[in-house]
Amino acid sequence: MEATRSSSTHRRDARRPLRRPAPGRRAEEPPLATGLLPWLRGADGGTRARVMAQVQRQVGNRAAQLVVQRQALTDAQQWAQDWAAHPAQQRHFRATGRPPGTPRRRYDVLAPLYKAHGILRPMPYLATSITTATFYGFSTPAHRDLAAALRTAEATLRARGISTAPVTKVWALNARTTSAGGWSNHADGRAVDLDPGGNPHLTSKAQRRVISLVSGTDLEAGGQGYAAMRRASDAFRAFYNPAGLRLRILQLLAVEALRRTAVDAAKAERDRLRGDRAAAATARSALRQELRGLPRGHRASSVDTARAAELTAAIGERDAELRRLDAQLKQHGTVLKRRTAEATASSKDRAVLEAHLAKYEATDSAVAGLEARTTALPAAVAALEAQIARSQRSEQESRVLGDDRGARAERRLRSGLQKELTRRRTELARKTAALEKKRRARDAEPLRTYGAGGILNLPQEVVEALTGAGLRWGGNWKGAKDFMHFDL
């Protein structure tokens, strides 16, 4: 009975409205609501709805309404508040790189990318997790753990007797996107680049293929280590030129010839096996036909019975032989397929280098031709200038002698010479500008740059010290190598 009265009283209390607070005073919030607020900020809409239903059941509609009124801000609202609350961290978004725009515009673009990578509020993260890292006198904003790894690596190098900076540029935190507009692993300060000029990020698969073919090292494979990558760099520097490309093409031709020979041998073996199988199948058919022609049952003599047994055994042997030949043909088909693929790959590799050599030489030829046409122009300009000077002197002499006709003739001659001089000077300026543009374009080609300076120029001691401090090196990546890059 007491339980019934208690339940009834509870229902009446639940229906009774809460007293309104006095004017000017806020309604008291239950501790539950206050404790939920930080957690609700990170919850999705469905989770918030379920929690609010539970709050309503536990503390009543009015208290639940207070929680609703003060529940989590939207991401955009929270990011805007954080931006205003952390002016010191706004400097990290003042770069002029990707994405373009004002610092606030760049922050608005990057904030969702930070969230997608587990950093819900970028500005507090930058305020609490980013510090100033140093490495041989260079300083850069970086994650605290990365700063510690750089200190450890420097201590290791100094212990080995390397007292002067083994690099010329160090940079870690860079609040930016990739060239494709995605997340950059420098945006959270957990990666550092060293000397990017001589240690490129090889993002182009076509370029990596050429480097692999010229150097003889497969850059698509990962985890090959510093020594293998340095050999590839040195080999590419040595052979990325017309003479080196021709040599590699000849080597690929030799490999291709060997592989074609292997294909021909495999085809010959396949044809032999096919012939053996056809002969075995014909022999088995003859045996079966003879067996079918023998008398059976009570009409069979003892000789017939003995012959039937011999034929049955022979047919069994032929069946076994056919199974063996079928297995050999299947296995040989796999070998032939592999050898054909290898020969085809060699042919394609050679074609890639041949096309690349043709492009290389065409570029050099175009530059050389323009150089030849431009080189002749200064002499022509100088000759015209000399003619004009002589004409001026001749005119002066004619005037002294009172030869007006001769003076007029010199002026007419000089007028034509001056027009030609103007035309030649214009042509010289135009061709000189075109030549410089073509030279710059030639020298800016990434593969020519790598051929001149290599793809790996960091000292081995630096790479080993940084990886020994717990960092991962981009030179060990599978596919797109990034020789300048180290990250946590």
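Each residue, glycine too, has its Cβ placed from N, Cα and C.
Noted in TrEMBL for the protein shown:
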REGION    1-38  region 'Disordered'
COMPBIAS  8-23  compositional bias 'Basic residues'
REGION    84-104  region 'Disordered'
REGION    392-425  region 'Disordered'
COMPBIAS  392-413  compositional bias 'Basic and acidic residues'
DOMAIN    448-487  domain 'Peptidase M15C'
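With a threshold of 8 Å between CB atoms, the same-chain residues lying at least 6 positions outside the region 'Disordered' (84-104) that come near it are 110, 123-124, 126-127, 130, 141, 173-179, 181, 184.
Taking the domain 'Peptidase M15C' (448-487) as a whole, pLDDT averages 96 in the prediction. Mapped onto DSSP helix, strand and coil, the region 'Disordered' (84-104) counts 11 helix, 0 strand, 10 coil.
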